Structure formats: C-alpha cells, structure tokens
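Here is what Swiss-Prot says about this protein:
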ACT_SITE  C120  active site, proton donor
BINDING   K22, N23  phosphoenolpyruvate binding site
BINDING   R96, R125, P126, I127, D128, L129, D309, I331  UDP-N-acetyl-alpha-D-glucosamine binding site
MOD_RES   C120  2-(S-cysteinyl)pyruvic acid O-phosphothioketal
Amino acid sequence: MDKFVIRGGNPLIGTVRVSGAKNSALPCMAAAILTEDEVILENIPQVRDIETERKLLTSMGAEVELGYGRAQHRTTISCRVLSDPTAKYEIVKTMRASALVLGPLVARTGLARVSMPGGCAIGARPIDLHIKGLEQMGATIVYEHGYIEARAERLKGAQIHFDKITVTGTEDLMMAAVLAEGETVLENAAREPEVTDLAALLTAMGAQIEGAGTSEIRIQGVEKLHGARHRINPDRIEAGTFLIAGAITGGDLCVSHCNPAHLGAVIAKLEEAGVRIDVLGKDSLRVRSEGHLKPIDVSTEEYPGFPTDMQAQYMALATQAEGTTLVKENIFENRFMHVQELVRMGANIKTAGRIASVRGKTPLSAAAVMCSDLRASASLVLAALVANGESILDRVYNIDRGYEHIEEKLRGVGAQIKRLGNVFNDKREAAQISAS
C-alpha cells in the first residue's frame, strides 16, 4: 500500500497546474450512456475514480478509451451497445458517484440495476432523493440483494422538489429528464459548477435545459441525444487546495489553469485571513503569505458558499493562524475524521457536534498518520508541508481518488515529498527524501 513521506519546512514557490474536475468528469462520463454516438471528453483528470468509472462503463458493454498526455487528457466513450445495465458491487463499492448511472440507464434502456454506492465514509449521503425523483417520473423501484432496480418504459416529466440540496441527485435526475416525455422541473436544485458543466455537455448532445446554475432547472425531454465533444471544467477543489498550500507554507505560488470565478468563497476567506491573492488573467491565481495568519471562522454551505470539500484543508491552515478559529460543518455529519490525525501532529483542536475549535498558532511536528478520506487526506498533506520533521502518510490511495499526481505537482514547486510503494521498508528509498 503506497505511502507519502513528506519533510516539512519548504515554502512553495513556482507554478502548479490544476487538472480537470473529477466531480465534473464523473457525471459527464455517465451522460455518455444517454446516446448511441461517441462522446469525447477533454481535460479528464488521471485519478483513481476515473479509472473506476471506466471499469463500470465497460462492464456494461461500453467502449471507453482513456488517453493521457502532456497537452491533452481525453476519453472517448461509445455506449452504442449496453449489454448489461448493472452497476456491480465489486466496482461501485469504492465510489459514491456510481449512483450517477441510475438515471441515464433507466432513461435510455428502461432498466437499471445499481448496487448501493460506496466512496468516502463521511456521513450519510442518501440515495433516497434520487429514488424519490425517479418514482415521481414513473419508475418502479425494487430493492433486492443490495441492489436498486429501476424500471420504466419511458420516464414522464414531473415537478420534483428536493427536500435537501443534493449535487449528485440534481445531476442524476437532470440526466434522467433529458429523455423523458414532457417537461421536468427540478426545484431546490444544486447550483454547483459541476452541475452547469454537465448541463453544458447535455445541451451539446441535444438536450433542452434552462436554469442550470440556479435553484430551478427546467428540462424539456427529447426523443434522442447525439454525440458531442466537451471540455471538463478545472477542478476548483484542487485549485483551492493549492491556494492553501501556498498560504500555509508562506510561499509565492501561481495556481494556473483554474477558474477564479468558481473560487469566490475560498478566496474571500483566505484574504480575510491575511493571505494575498491576485488574479492573473482569466485562468490563474497568485497566492502569497508571510505566515502571519488571522483566525477567520468558516461555515460550510452549498455553492456559492464555502465548500464542504475545502473544510479539512482550511482546518489545517487554521492551525497556523494566530488565535482561535471556529469551523462549522453544515453539509455532512462525521466529516471531522482528519481532526484526530492533525492532533497527532500537534494541532490543538476540539470538536462538539458539527463545530471544531482550532487554536493556533501551533507548531506542528511530523508524525505517522492515516488518510481516511479524500479531503481529509489533503489536509494531512498540507499539515505535513509545515510540520517539523518527516511525516509518513499511509493509505494515500484515498488521495489518488481525486488528486492527479499531487506529489509530483508539489515536488515541482519545492515540496520535499516522495511516494513509497511496497518497497517502503527499503531504507534507501526513505533516505532519498531525508537527504534532499
């Protein structure tokens, strides 16, 4: 099992490039199910979840080509033949986004069998909002042997109100609705950039969608969709993670190939904390910090508020602020699993329910820590970058689910970080980073 060895203390200086958004790419790959034609997606990140989605689609009979190169990360998907509309447990057990094939499958084939999804263990992300919406559209749902089976001759348009804002639920039902008979209205819909990115692809495929990016989305169903070419949005969470990496290390970092418009809440909090951020053109940000950080409270919200996927990283930064920072998690319960690992590194953090109190400025010391989920893992990387000594991060496959070659990107801007695989016990490997 791979590990990271990180020696802290180096300011990050230089330019780091942001990859395509995993959380945009996954629903866009699922959208290829809706047509017999080829769908070409560009700016696909090279991360573990994308490979899992490829396996999922090919297990259904699709043809999926993934190509990675310096200039272009691209996938070509053909779902002309879907021989088995089943999302098998052995594939989807590691990825929550597998639920996104439910809507497209029942819309295109009239049948979907999807195992209850897996992914990060950060609280309840109920699929019941997907199910309720599909039932309103006329689908018959059966739960059997750990699978959700949905059937419908053709889905019917419906007015669907989400009791709770759900990104994957909005995406799943938007995909289901594009081939439904009549108009579907999604109320209290998610407004995230990943939703608008999916809507842009679906529109390019011939769908009729209005209001994506607002709380009410209207979809007029069509008989058939065609193929399209689409470029995936930059990953706003990866970009935000690098902004904090520059700030926490007291560096001077340019974060390129991002979309500053998608980072408003993150930028605002960092600037309040005393971090200097400059917009360089339409797709780059420069972050500078001299290490004097103010304690600024944060409360996670749905977009355009402060993203829950940046909460753990912000908490790592808060350990270096001069005072007490309150962090409130409003989206998911049980999303403080990184706290105990940060405490192992010397952080002074106390939790009560959904609120964490972070007292700084705390000198962090290197430790062996466990990566529990994707964003918690990112927070540990950030903490290790400023910790005194050499930290060892175990189970970094959680990082690989959503960050493309993060160790190579960080090493390129001055971090002392090395990936160790099964040869971890070889002292010569560990010594390489100690001597660098």
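Placement of Cβ uses the backbone N, Cα and C atoms for every residue, glycine included.
Between the alpha carbons (Cα) of I331 (UDP-N-acetyl-alpha-D-glucosamine binding site) and N23 (phosphoenolpyruvate binding site) lies a span of roughly 17 Å. Long-range C-beta contacts of K22 (phosphoenolpyruvate binding site), restricted to its own chain and to partners at least six residues apart, with a cutoff below 8 Å, comprise P45, V47, D49, I50, D235, R401, G402. Sequence-distant contacts of L129 (UDP-N-acetyl-alpha-D-glucosamine binding site), defined as residues of its own chain at least six apart whose C-beta falls under 8 angstroms from its C-beta, comprise F162, D163, K164, T166, G169. D128 (UDP-N-acetyl-alpha-D-glucosamine binding site) sits 20 Å from N23 (phosphoenolpyruvate binding site), taking the CA atoms of both as reference points. When Cβ neighbours within 10 Å are tallied across all protein chains shown, the highest count among the binding-site residues D128, D309 belongs to D309. A sphere of 10 angstroms centred on the C-beta of I127 (UDP-N-acetyl-alpha-D-glucosamine binding site) encloses 20 other C-beta atoms. Summarising the environment of I331 (UDP-N-acetyl-alpha-D-glucosamine binding site), the number of other Cβ atoms within 10 Å of its Cβ, over all protein chains shown, is 21. A sphere of 10 angstroms centred on the C-beta of N23 (phosphoenolpyruvate binding site) encloses 26 other C-beta atoms. When secondary structure is read from DSSP and collapsed to three states, I127 (UDP-N-acetyl-alpha-D-glucosamine binding site) falls in the coil class.
Counting every protein chain shown, 18 other Cβ atoms lie within 10 Å of the Cβ of R96 (UDP-N-acetyl-alpha-D-glucosamine binding site). According to DSSP, I331 (UDP-N-acetyl-alpha-D-glucosamine binding site) is assigned to coil rather than to any helix or strand.
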